[in-house]
Amino acid sequence: MGFNVIRLLRGSAVAVVLAPTVLLTMLSSAERGCPKGCRCEGKMVYCESQKLQEIPSSISAGCLGLSLRYNSLQKLKYNQFKGLNQLTWLYLDHNHISNIDENAFNGIRRLKELILSSNRISYFLNNTFRPVTNLRNLDLSYNQLHSLGSEQFRGLRKLLSLHLRSNSLRTIPVRIFQDCRNLELLDLGYNRIRSLARNVFAGMIRLKELHLEHNQFSKLNLALFPRLVSLQNLYMQWNKISVIGQTMSWTWSSLQRLDLSGNEIEAFSGPSVFQCVPNLQRLNLDSNKLTFIGQEILDSWISLNDISLAGNIWECSRNICSLVNWLKSFKGLRENTILCASPKELQGVNVIDAVKNYSICGKSTTTERFDLARALPKPTFKPKLPRPKHESKPPLPPTVGASEPSPETDVDTEHISFHKIIAGSVALFLSVLVILLVMYVSWKRYPASMKQLQQRSLMRRHRKKKRQSLKQMTPGTQEFYVDYKPTNTETSEMLLNGTGPCTYSKSGSRECEIPLSMNVSTFLAYDQPTISYCGVHHELLSHKTFETNAQEDTMESHLETELDLSTITSAGRIGDHKPQLA
């Protein structure tokens, strides 16, 4: 009994001694779990955007996820992650890493996701990824890789996705992916690859998606992919492919999408190019150099439900008819921007509308271009040129080699004339606009000058109207003569009193009476016949410039003086004739 009590006391003493030690260990572990400046969420540690140049050493050993992205790490040392044997994902993207030790990833066998994108890595040693055989996702994109080792991915049998996008790779070693039997996605886009060896993809029996876009391929041979029996999506857009062919004798039944947009494809090597892909559902051929597609190629597109053909140089002739008929019967998704690139008359017109409106497929090829030219709208304005006069010649007999003028030439001429008319109209409009602008600026800057110009313009208009009214009152210049047939009473009255009525007439005009004041001396001195009429001499002065109203009054007084002189002369001569009559 006493022995048991002593034993119990000893056990209690040991527990009391060990309790502080365990507590200190727990506290130190808690302090080590979340480094300074980092954010910890359970067993996930986020040390992002801290400008770190070294990986913190105080990370908990039980950490499951570590993010060190957007820092300034430059290299990964030997056993860099030793002690983090529970780590399952590691993000090291967007750093300055350029050197990775061959044993940097030792001790993290449970790692499933490794992100090393957007760094400065130019090469990897062959054994770099040997310690992380459980990787599912490996991202090496946006680096400076020039080449890959032949055993670069040796042992990565569980890898599902591999990203090598946006590097500087030129070649891919043969059988480099042989151990990646479970790989489903391979991204080799945005590199400088020109060609691929036949056995590059050997062993990749589960690959479903392959990216080869934005490389430098010039040919596409579907026989290069004989072992990709599970491939569903193949992306080869924006290369330099001009020829597509296939030399394989088996059917590629798994392929469902093929993207060949943005290449230089002009034609297909044979009618059986697409016969090896009977389950193809989506085909992208936009932005190439296709002018037409043959009927045999169209017949092989039996399974398509989505097609893209925009951005090609379609020639809207009879060769386009098979494609238009196929598009009309196609029930899947397609773009409506399939436009004609030639001939010039149809540039920018939808191919279906062109065939419908211009009857391209309804008539023979010999009259096709002629009918097309006649069907096109002609410009409304057509300049009429004067016809040169030629001497009449007998018609020449028709020759064998003579041909009628081409209607296409007439259409071109009318097209050019229409453009000239438009250009002239635009030039005239711009000229008027410039004149109005100058007038507006002058009016704003020199308002007094503009007022003076307006006043002068009004005065000129007033004078012009006055002269026109005088011209209307005054008939044209005619020959005037004095016709005087006095009676006996009038003659005696004029001789006795010195005054009498005098009548002159103007041919085709009117008559007026002029009172005369006989002055014999004036009559004797005036030896030329003077013809006076009612205001006619105003026309003789109409060419003179009347500056002011005072000048106009002066001219009117002169006219009255001349009228008096003419009247006296006529009266004197009438008196001279009287004795003769007597």
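Placed from the backbone N, Cα and C atoms, the Cβ positions cover glycine too.
Swiss-Prot has this to say about the protein:
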- 1-30: signal peptide (SIGNAL)
- 61-83: repeat 'LRR 1' (REPEAT)
- 84-107: repeat 'LRR 2' (REPEAT)
- 109-131: repeat 'LRR 3' (REPEAT)
- ASN126: N-linked glycosylation site (CARBOHYD)
- 132-155: repeat 'LRR 4' (REPEAT)
- 156-179: repeat 'LRR 5' (REPEAT)
- 181-203: repeat 'LRR 6' (REPEAT)
- 205-227: repeat 'LRR 7' (REPEAT)
- 229-251: repeat 'LRR 8' (REPEAT)
- 252-276: repeat 'LRR 9' (REPEAT)
- 277-300: repeat 'LRR 10' (REPEAT)
- ASN357: N-linked glycosylation site (CARBOHYD)
- 442-582: topological domain 'Cytoplasmic' (TOPO_DOM)
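A Cα-Cα distance of 65 Å separates ASN126 (N-linked glycosylation site) from ASN357 (N-linked glycosylation site). Tertiary neighbourhood of the repeat 'LRR 3' (109-131): same-chain residues 69, 85-98, 100, 102-103, 137-156, 163, selected by CB-CB distance under 8 Å and a gap of 6+ residues from either end. Below 8 angstroms of C-beta separation, residues 33, 43-55, 89-101, 103-108, 115 of the same chain, each at least six residues beyond the ends of the repeat 'LRR 1' (61-83), sit close to that stretch. Looking at the repeat 'LRR 2' (84-107) alone, the prediction's average pLDDT is 96. Residue counts for the repeat 'LRR 4' (132-155) under DSSP (helix as H, G, I; strand as E, B; rest coil) come to 0 helix, 3 strand, 21 coil.
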